[in-house]
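The structure appears below as structure tokens.
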């Protein structure tokens, strides 16, 4: 007879991580991801092409563009090549989180990222560095899909959005540091050293993902629970086999025939196991995607995010050029970069604390998203109407401060409008959508628009006007029936006997240990 003690119910030993350590480490990793994006765009690393005068005098180029003699199209491909790996790998890592510990997946992703940036430094031509840039996106995909759910699990209840905002604040900060880092290293040494330096900085975090005790993600069964459940099922089968043996004592021939039949059946089953498992994984993935697409709250949230990202992506690429042409800014890069850094940090953090102050609910999140985007759009639109550069900078700074406030609330909604087991896929699909339909096409489309109207002020006003539909979409979300599903049971948990251990974040480890110890005889 098999007793319940075959499945241990003792609480796990606490991980070295505390919630604040987890947040700090994830912030550094996120910042390094965006430092890399800023680095490859910096003048010191990106460089310039070789040029020749009419008299035949040629000057050597610099950086990647000069060494590989890239035209502007090829140079543009390098800046966005990582998107290919990111968009393909994000849903894959999100699906694998159901069968492989998510914390280990982050370790795998960071290892791929480290290998890829080292490869960028050793690249010898356009195609080799393009492939390595795609692998950078693959490595980043696991972190983008899984980091936010971990932070949401372990953040204090009253500060969940604030913690998410601190995490996403690293995006503008990382870009800015990347510009400075790439310029210093590329300008004083060689652009290859900039990539190798990134790899050295990321390597300890990649190793940490494998050597530390893995953290559990809410809604996902730990590996030990699955093994325990399997062991229980195996023991049960053995008990029945023993009973069959007792009944057939003295009829060894009958038992032998039975064993032969069972052996043949088990061989057939084992041959089809791999195929059926693969088909089952695909089936679960498409079912989960269908659930997301039928979730009105999720769809409205992502649609608004796409429109918002369309504008922000074009701002980041064309903003300095537009500012230089409209207001004759001598240091447009520095001015726009400085405004973006300050407003990005302050606005992102302020948005998170504002939602926590209002009480973090999905309905309040939509209210904050629509209001800040609408008011921010009015300030940005008015800024481009000003003929004075100082008037433009004053209004534009306020506008950017407001529009950056959406980062915490929009990701809070993505995480809390779905069940815990769906959160990695929710973040992955959101990331894929805002890039495919948002910042990836916005830059070339705005370029086409500028070629047509040939007026940067008109182009900037048309682009900024897209903020208004984003605010309108999020306004619709206020009236949708929304349910915070953070505490809902996952449909993918293994069994009720081990369910409690699947949902124990760091903040509740002590409570879990006390409960487990009191249950011991």
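Any Cβ shown, glycine's included, is placed from N, Cα and C.
The stretch that TrEMBL tags with transmembrane segment, taken from the ranges 57-76, 77-96, 217-236, 237-256, is 77-96. Your range for transmembrane segment, going by TrEMBL and the list 460-480, 481-501, is 460-480. The average per-residue pLDDT of the prediction over the domain 'Major facilitator superfamily (MFS) profile' (22-489) is 81, rounded to a whole number.
In this chain, the transmembrane segment (460-480) touches the transmembrane segment (297-318); three or more CB pairs sit within less than 8 A of each other, excluding pairs fewer than 6 residues apart.
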